[in-house]
């Protein structure tokens, strides 16, 4: 008798995606992050759902409702901190996942890569709107500063900002709509994930060597299910350690002060996972230029496939490209550090140099090194 998982219309889809999926035999732990991101999304949706049952999206009661969740709701504190720190875990996995794609040339699967970029934007938008919901000082001023950037758009800028605000400042209407979109977007993200996987399974997975592995495939289960479970245990250990021992480590103390439109915090900054983009934004003196650089800091990933000049897909056998890749990683750490510092000497100039280096590596140096390595291979 044929196994039900191979014949049932619904189970067949799951079977072909998780059980009998042919996978390259050489996948390393860098290929774990897709499943970890799926788990992160599930955790965020579940904790968010339970938080939404107790949260009120009204400027008068939002801050108090979060306090109520932490103090009075059964295990509300763990829900709140799992959700807040789960977002950090989400972004750690996201950035490692994108980094893996850049290193091993997975961007050559353009459909999968482009859906991935859309997913990255969607997750960033969701995280930004979620940060506004507790209605602390940094929530309010972060929302004001970031939405105000749209006023740099010529002609329609000011109208656009007031349309998003639902008034002449960040107020009740803004909070309500941000809550609505913050609730909606994860489900849209879930749908996009399905499309992401659909395109991935059209081409099959890449592997560390960048060489086609059609001749050497193994079933996803049990080999990679076990491997993914190990990654999951490590991630859950890290997340639960963070939540149970220092839940406010990655947060901002200013967010424990209720939002006050009359009092500006000394340093307005977003959560740590946006600091690199925030540093790029601040490093350009012109407002419109800064906004364009901010958007391009992520959108630049979309043109990476067009800039691939090497004859090899992966960087595994390309030491010069590897050096450049790790320079890019170091540069992103520098930008993240600069984004959290005040706007003064020497941080301004460091931020500007790091921003120029970021775009130079991706747009100029990587393609040039690829061409150079092609010539070196002829010797």
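For all residues, glycine too, the Cβ spot is worked out from N, Cα and C.
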Swiss-Prot annotation (transmembrane segment) - matching range among 178-198, 199-219, 262-282: 178-198
Annotated transmembrane segment segment (source Swiss-Prot; candidates 152-172, 320-340): 320-340
Feature transmembrane segment in Swiss-Prot, mapped to one of the ranges 12-32, 33-53: 33-53
Count of other CB atoms lying within 10 Å of the CB belonging to residue 196 (heme b b566 binding site): 21
Residues near residue 182 (heme b b562 binding site) in space but at least six apart in sequence (CB under 8 A): 48, 126, 129, 130, 133
Stretch with greatest number of CB pairs under 8 Å, the transmembrane segment (113-133) reference, 33-53, 77-98, 226-246, 320-340 candidates: 77-98
Of 83, 97, 201 (the binding-site residues), the residue whose Cβ has the fewest other Cβ atoms within 10 Å: 201
Rounded distance in angstrom between the Cα atoms of residue 196 (heme b b566 binding site) and residue 83 (heme b b562 binding site): 24
Between residue 83 (heme b b562 binding site) and residue 201 (ubiquinone binding site): CA-CA distance (Å): 30
